[in-house]
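Undergrad: Below are the features listed in TrEMBL for this protein:
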type     : residues : note
TRANSMEM : 6-26     : transmembrane segment
DOMAIN   : 79-136   : domain 'Potassium channel'
TRANSMEM : 86-105   : transmembrane segment
TRANSMEM : 111-134  : transmembrane segment
TRANSMEM : 155-177  : transmembrane segment
DOMAIN   : 165-246  : domain 'Potassium channel'
TRANSMEM : 189-207  : transmembrane segment
TRANSMEM : 219-242  : transmembrane segment
Amino acid sequence: QISWTPLLLLGYLFYLLLGAVVFQLLEKQTETHFRDQFQLEKLNFLQNYTCLDRQALEKFVQVLTEAWEKGVNPEGNSTNPSNWDFSNSFFFAGTVVTTIGYGNLSPSTVAGQIFCVFYALFGVPLNLAFLNQLGKGLNAHLLILERWVQKPGRAQVWLAIFLTTGTLLFLVFPPLVFSYVEGWSYGEGFYFTFITLSTIGFGDYVVGTNPNKPYIPVYRSLTAIWIVFGLAWLALIFNVGADLMEKFLQLKGHKSDLSLAEGASTKLEDEPEQPRIHIPS
């Protein structure tokens, strides 16, 4: 029998190498441009403000970087809304248990960090159990639809309706809302939507963090609820894709086994019968 595990491993490594090469080609030159532009801006700043020296400017840049790492937006002033009010804390708790982890906000106190560890320790399995149960409920509804629809082909129609509805609710319409509220383009909103629901969570785009935008208090809480149901839907889609890929590999392996068996059988049939030699006792 042919084992597809080594081929799958090679394909997986090839896919990672392909991604590394493409990302390097697409992003490295732009990063170099931004780095050079930033250094030029620092030089221009020192030339315009001669009361500062390079050491003082570097220290101020470090202060800005540390503030950003602590979740404090350098833009605006001290009247910016807190990152740890109830709505934002609810949103952060959701990013912890769903393992999204944007990285733009994290506990800064030792007590908060310890609590976050134990909160995730019990919250992540609870979230997986909830998403699993929610996925079973969606699968059950699909089975009910298949049983209710008797004519052949109707089940595929209902499956297409299910996929289309989920795509509209979780991938197509939300970017429109984010574009309107956050001021992003539709492409940026769609990028944030997929990166969030796939739990990749880079943190380059996060809702409700612009200090110049007037957000409603429950905006991030509603977004957290949308994320939970979107995770369940997209996880179901990913599971279906993984099952199809596994069945495809198993089918290939089964066909290879059948070909080997048929080849061996044909070889036996084509071979002429060997003469039997009788050796008298």
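Placement of Cβ uses the backbone N, Cα and C atoms for every residue, glycine included.
Those TrEMBL annotations? Automatic predictions, nothing curated.
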Undergrad: Take the domain 'Potassium channel' (79-136) and count its residues per DSSP category (helix H/G/I, strand E/B, coil), listing them in that order.
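TA: So the counts come to 39 helix, 0 strand, 19 coil.
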Undergrad: Which residues of the same chain, at least 6 past either end of the transmembrane segment (189-207), have a Cβ under 8 Å from a Cβ in it?
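TA: 95, 98-104, 170-171, 174-179, 181-182, 219-220, 223, 227, 230-231, 233-234, 238.
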Undergrad: Who are the chain neighbours of the transmembrane segment (219-242) in space, where the CB to CB distance is under 8 Å and they lie at least 6 residues beyond its ends?
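TA: Here the qualifying positions are 87-88, 90-91, 93-95, 98, 100, 130-131, 134-135, 138-139, 163, 166, 169-170, 174, 181, 193, 196-199, 207-208.
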Undergrad: So how many of the residues in the domain 'Potassium channel' (165-246) end up helix, strand or coil by DSSP?
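TA: Helix/strand/coil tally for the domain 'Potassium channel' (165-246): 58 helix, 0 strand, 24 coil.
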